[in-house]
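Asks: Per Swiss-Prot, the features are:
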- 201-269: region 'Disordered' (REGION)
- 249-260: compositional bias 'Basic residues' (COMPBIAS)
- 368-537: domain 'tr-type G' (DOMAIN)
- 377-384, 423-427, 477-480: GTP binding site (BINDING)
- 377-384: region 'G1' (REGION)
- 423-426: region 'G3' (REGION)
Amino acid sequence: MADVTVKQLAQVVGIPVERLLNQLQEAGLSFTDDQQTVNEEQKRILLNHLKGSSNRDISAAPERITLRRKSMSQVTVGHDMHSGKTVNIEVRKKKTFIKRSAIPEQAEVEEPVVPPVVEEPVHEEITVVSDVSAETPELKETEEHPVIEPVAELDETVKEEEKINLEENTAESQDELAHANTDVIENLVDVVEETIPVSKKEEVKPEKVSKKKHLEQTDTDISEFKKGKKKPKYHTFEHDEEEQELHRRGGRSKFKKKKGTEKSDKYREAEETLTHGFALPTAPIVREVLIPETITVAELAKRMSVKAAEVIKVMMSLGAMATINQVIDQETSVIVVEEMGHKPVIIKEDAVETGLGEAISKGTKTEGRAPVVTIMGHVDHGKTSLLDYIRRTKVAAGEAGGITQHIGAYHVSTPKGNITFLDTPGHAAFTAMRARGAQATDIVILIVAADDGVKPQTIEAIQHAKAAKVPIIVAINKMDKPDADPERVMNELSVQEVIPEAWGGDTMFVNISAKSGMGIDDLLDAILLQSEVLELKAVTDGAAKGVVIESRLDKGRGPVATVLVQSGTLHKGDILLAGFQYGRVRALVSDNGDLVDSAGPSIPVEVLGLSAIPHAGDEAVVVPDEKKAREVALFRQGRFRDVKLARRQKTTIEGIMENMTATESKVLNIVLKADVQGSLEAISDALTKLSTDEVKVEVISSGVGGITESDVHLAIASNAILIGFNVRADGTAKRLAEQESVSIHYYSVIYDIVDQIKGALTGMLAPQFKEEIIGIAEVRDVFKSPKIGAIAGCMVIEGVVKRNNPIRVLRSNVVIYEGTLESLRRFKDDVLEVRQGFECGIGVKNYNDVKPGDLIEVFETVEIKRDL
């Protein structure tokens with residue numbers, strides 16, 4: 001190899017340049033700059049220097065080396081290997097090697113010692129008995145060794161093996177000390193194209209280890225060996241004490257105490273203070289039993305310190321059947337506790353809720369707020385179209401089927417003031433959604449079409465508004481149509497106790513047209529006038545409080561809740577508690593889709609960051625910290641579960657009979673997924689109402705969001721119909737549905753779902769059959785036939801007699817036989833049918849007692865199409 005610079009050599013060797021310069025100077029070579037050239041001779045000098053330093057390090061090895069080894073094994077404890085218990089055993093061994101030069105050669109000076117006579121072999125434990133007993137108390141491994149001979153009689157083989165092992169282990173211990181030099185040497189060997197022989201380590205055989213057990217002890221032990229003494233067993237007092245503590249169970253110890261040994265002060269004090277005995281109670285114990293809203297029978301028995309069977313006996317004597325894990329309500333628990341002679345103490349579990357109200361910061365600054373107006377009315381009467389004209393948007397055109405199917409919240413700024421509108425669905429299935437809209441509003445605008453009049457949902461909207469004690473403003477829409485009749489609308493509304501101001505009532509009526517914009521300004525004036533009368537005010541500087549209008553699961557943003565703030569100000573970063581869910585507000589989105597930092601009273605916003613989808617209608621409130629929010633949310637979830645369990649039907653005879661009847665009916669299982677919580681609730685209620693005594697609809701799973709693989713698996717397992725309302729299935733769910741031949745039904749209009757499920761239920765109804773008489777024949781005479789038997793010669797007096805149809809034989813208007821018409825002939829010819837006014841011969845199958853004057857009634861069974 002050509003001469004290289006110091007820098008290049010350092011790169012080849014793999015060490016820093018400064019370190020290589022120091023090593024060159026230590027080797028006696030004058031190198032001060034990394035650009036100086038190094039020839040082959042100088043490389044060899046450096047290599048020899050590094051080899052010498054490595055050997056010096058090895059020669060400076062310590063006189064004593066300790067090796068530690070660890071082995072793992074398993075032992076089955078028990079009589080049977082299949083039923084026994086498997087125990088993991090870890091054995092740790094420790095070996096100490098000493099240089100021969102460190103051991104004083106006393107064997108040559110001392111007189112030879114005669115080996116002691118040993119009658120039986122000595123079992124010697126491993127050197128690390130104390131370590132094993134202290135660290136692995138389960139089992140202790142022992143080895144059997146031959147009788148230990150004096151050190152003077154050790155043969156040369158053992159000495160040679162010891163020397164080899166000592167050198168090997170010495171080399172191992174010096175690996176780290178000479179690691180740097182070794183790396184440099186190996187790299188330099190590659191550079192100068194020389195090889196350094198590397199000795200391979202050999203594993204120590206178990207036989208060698210067992211022969212040198214006596215050399216693993218200290219110098220004192222070796223001197224005792226030379227005197228002919230046996231190696232003692234190393235059970236020190238400290239290790240015995242540790243082992244005794246680890247193995248003790250129930251006060252038992254592996255090592256017995258000597259008799260007469262006095263007990264320690266700890267045990268003496270325990271014996272003096274603890275006295276075992278039973279004192280018979282002289283009077284009945286009356287306990288104060290804390291009773292929450294719901295409690296299980298087992299927990300109630302535990303609080304009274306009695307067995308659950310006694311509580312069940314008392315409940316049965318009171319006429320209520322219960323099981324040990326059944327949840328009973330507070331009233332029943334009080335009766336049972338009083339019956340058993342204890343004192344019930346009713347506790348209110350809403351302490352957490354009360355504490356929440358106290359923890360919420362209340363503001364003091366009160367300002368006027370915009371009115372919250374809910375637009376209600378019958379479907380297709382123009383609610384969304386009116387709102388579109390006010391907002392100058394086209395929401396209705398983009399809605400499926402042209403109908404609203406979830407609540408929309410909008411904040412509108414008009415020249416006359418700000419107004420918050422809630423647009424509710426008008427379909428009959430959205431009753432609960434309209435009720436929520438009425439509860440969260442200040443004014444209700446009742447839309448009635450001038451050409452259609454008052455409809456069922458119009459009446460329902462009036463009832464919701466009256467229940468919420470909210471003023472109503474009637475807007476008579478579609479006044480631009482030629483057949484508009486506002487007087488008819490006023491007459492029909494007066495029947496529902498909605499009297500216009502023109503007739504002496506207190507309800508404002510405004511004629512409008514959402515299409516042309518006629519009367520819209522008058523309607524806005526009426527809204528603002530009504531809001532001034534109400535004097536709407538709200539606190540603006542406290543913790544925000546509002547109501548969840550709608551909620552849904554967004555694929556990219558997670559749970560999204562539309563919250564209408566009613567008081568306070570909701571800020572980004574607040575901890576929001578909504579029903580059973582909570583979370584930190586990550587973002588606030590206005591009704592226009594813009595990100596905002598805060599929202600004041602009467603402002604609807606979409607909230608991102610909740611843990612899950614809250615229920616529409618839940619109260620939303622800002623809490624001081626996340627710990628409080630989690631505590632209240634978990635409490636509400638637990639209470640909801642307990643109440644749900646307590647509402648389970650009690651085991652009664654009537655309930656058993658109803659359940660038996662229910663098992664006979666057919667069930668249509670449905671897995672339902674929708675885009676928002678309100679639509680999900682409305683569809684589920686509408687489908688459940690389709691159930692009858694014969695067929696039932698059971699929504700076994702419902703959720704907000706797309707159709708997933710787990711939904712398809714559930715539909716397969718339960719043989720259910722999979723319905724997606726304004727949602728789609730992901731790729732995995734689609735592939736699984738195709739493989740398992742599961743059809744996924746997509747809908748965007750609630751009418752279509754109801755119609756198709758109604759059709760499916762109709763097909764599940766048991767068929768209904770009706771018997772229709774198609775012909776009557778009068779027997780005039782009877783003939784005998786050798787093949788068939790009696791043949792009735794008849795005259796068809798009504799309808800048509802057909803062959804192979806079921807018949808009845810009537811005598812004096814009493815049915816005497818029911819069978820099948822086997823043979824039908826006319827003039828010795830077989831015919832299929834004979835009409836009224838013709839004669840024929842009729843042979844009745846398996847019946848020969850036909851007499852003149854009898855009537856043969858021919859009928860057929862017709863299936864009647866059933867409907868729900």
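Cβ coordinates come from backbone N, Cα and C, glycine included.
Map the listed features onto the structure and describe their local environment.
Replies: For the recorded site, Lys383 (GTP binding site), the DSSP three-state label reads helix.
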Asks: I'd like the Cβ neighbour count for Asp380 (GTP binding site), meaning other Cβ atoms within 10 Å of its Cβ, all protein chains included.
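Replies: I count 16 other Cβ atoms within 10 Å of it.
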Asks: Note the mean pLDDT of the region 'G3' (423-426), expressed as a whole number.
Replies: 62
Asks: Whose Cβ, among the binding-site residues Gly377, Met479, has more other Cβ atoms within 10 Å than any of the rest?
Replies: Gly377
Asks: Mind giving me a neighbour count for Lys383 (GTP binding site)? Other Cβ atoms within 10 Å of its Cβ, every protein chain shown.
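Replies: Cβ-Cβ neighbours of Lys383 (GTP binding site) within 10 Å number 29.
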